[in-house]
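Peer 1: Per TrEMBL, the features are:
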type	residues	note
DISULFID	Cys64-Cys70	disulfide bond
DISULFID	Cys68-Cys77	disulfide bond
DISULFID	Cys322-Cys355	disulfide bond
DOMAIN	63-95	domain 'LRRNT'
SIGNAL	1-19	signal peptide
Amino acid sequence: MLPFTVITLLLCSVHWSTGLPFEQRGFWDFGKEFDVQDLLMMMRDEEDGSAIGPVDPEELPGGCPFGCQCSMRVVQCSDQNLYAVPQDIPTDTRLLDLQGNKITEIRENDFKGLYSLYALVLVNNRISRVHPRAFLPLGRLQKLYFSHNQLPSVPKNLPASLVELRIHDNLIKRVVAGTFSALGTMNCIELGRNPLQNSGLEPGAFAGLKLNFLRISEAKLTGIPKDLPENLRELHLDQNQIQAIELVDLSQYRDLYRLGLSHNHIRHIEHGSLAYVPNLREIHLDNNRLSKVPAGLPHMKYLQVVYLHSNNISEVGINDFCPTGFGMKKTFYNGISLFDNPINYWEVQPATFRCVSDRNAIHFGNHKK
Ligand SMILES: *[C@@H]1O[C@H](CO)[C@@H](O)[C@H](O)[C@H]1NC(C)=O
């Protein structure tokens with residue numbers, strides 16, 4: 001474990017507060033499986049409680065599909081060995097949970113009449129086909145969870161109301177141009193653990209999106225993809241095979257706060273690349289092949305967390321992290337990791353860390369062979 005506070009990877013429901021020390025809150029991390037309780041909490045938060053309050057039993061339309069549990073407009077059909085989406089789902093359902101079944105296909109009329117659906121959970125099934133008209137009734141759907149299935153592509157005609165799409169761990173190799181073009185309110189896409197190469201992201205694949213959060217970790221990327229949504233706050237590309245950061249790679253993402261590039265093959269970061277992301281708070285470059293501290297860190301006024309552990313850095317210069325003038329840095333670092341590098345730590349000047357909040361924020365440790 002790192003000694004300083006590790007900011008856990010949290011998704012989507014991020015509350016930014018500029019000026020304060022870097023912090024964020026959210027509901028999920030990736031080690032955790034999907035939790036319907038969290039979703040219910042979020043529905044309550046987002047909708048002021050009104051949407052899933054007690055419902056007059058007289059108003060309850062329809063029954064409850066066999067094997068499912070229905071209460072307060074939540075229909076739970078998880079882990080029921082279902083081979084298909086059940087029929088007769090009450091039309092006022094707000095949350096439909098079908099995770100952990102054996103569903104292989106979403107058919108045209110599976111969600112017919114579900115005009116009130118807010119969240120649809122299809123995680124952990126065997127879905128490889130989605131009828132192109134299947135989502136058309138879902139005019140109010142905001143959250144679609146499709147992770148751990150066998151989809152070969154992002155489904156077509158996603159509801160325009162969608163805010164969050166998680167489609168992690170599928171078989172997606174291509175994202176064609178215009179896939180997300182009608183989705184102007186989308187905030188967050190989790191697309192990790194798919195066999196995606198850079199060539200599989202067509203030009204215009206992300207056109208039309210104004211995303212805060214994008215994750216394409218555990219894929220087959222060899223470079224930072226081009227033309228991602230411009231107002232991204234968080235970009236996570238860990239566990240790919242990215243070789244370098246080139247000058248233009250980050251040039252479109254002025255609002256970027258967090259950049260995750262751990263566990264790649266990065267040897268080289270072109271001088272000036274980081275100047276394009278002046279608002280960066282946190283960068284993860286651990287487990288790469290860097291032989292020096294990236295250039296430009298002293299000019300990053302807001303940067304607080306830099307992971308550089310498990311690289312091939314043999315020297316750290318006195319001006320690698322901190323600016324030379326006073327007042328240049330608006331927030332001090334509160335996490336720098338350098339362990340597991342071939343550095344002679346006793347040769348690093350203490351003044352190197354003059355813009356770090358306290359000594360515990362630096363993690364050295366020994367180089368492991
Ligand atoms: C690590 O850096 C040294 C030079 O500082 C270089 O000779 C060596 O090949 C590098 N190792 C790797 C694995 O890149």
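Quick reminder: no glycine exception, Cβ is built from N, Cα and C everywhere.
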Peer 1: How many helix, strand and coil residues does the domain 'LRRNT' (63-95) contain under DSSP?
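Peer 2: Counting residues per DSSP class in the domain 'LRRNT' (63-95), I get 0 helix, 7 strand, 26 coil.
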Peer 1: Taking a Cβ cut-off under 8 Å, which residues six or more beyond the ends of the domain 'LRRNT' (63-95) line up next to it in the same chain?
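Peer 2: For the domain 'LRRNT' (63-95), the far contacts come to 36, 39-40, 43, 51-55, 101-107, 110-111, 113-119, 121.
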Peer 1: Of all the disulfide-bonded residues given, Cys68, Cys70, Cys77, Cys322, which residue's CB has the most CB neighbours within 10 A?
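Peer 2: That would be Cys77, with the most Cβ atoms nearby.
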Peer 1: Rounded to a whole angstrom, what is the C-alpha distance between Cys322 (disulfide bond) and Cys77 (disulfide bond)?
Peer 2: 54
Peer 1: Can you tell me how far the Cα of Cys70 (disulfide bond) sits from the Cα of Cys355 (disulfide bond), in Å?
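Peer 2: Here the two Cα atoms lie 55 Å apart.
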Peer 1: Please give me the CB contact count at 10 A for Cys355 (disulfide bond), counting all chains in the structure.
Peer 2: 18
Peer 1: From the Cα of Cys68 (disulfide bond) across to the Cα of Cys355 (disulfide bond), what is the distance in angstrom?
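Peer 2: Distance between the two Cα atoms comes out at 57 Å.
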Peer 1: Write out the long-range same-chain contacts of Cys64 (disulfide bond), meaning residues 6 or more apart in sequence whose Cβ is under 8 Å from its Cβ.
Peer 2: Cys70, Val75, Pro90
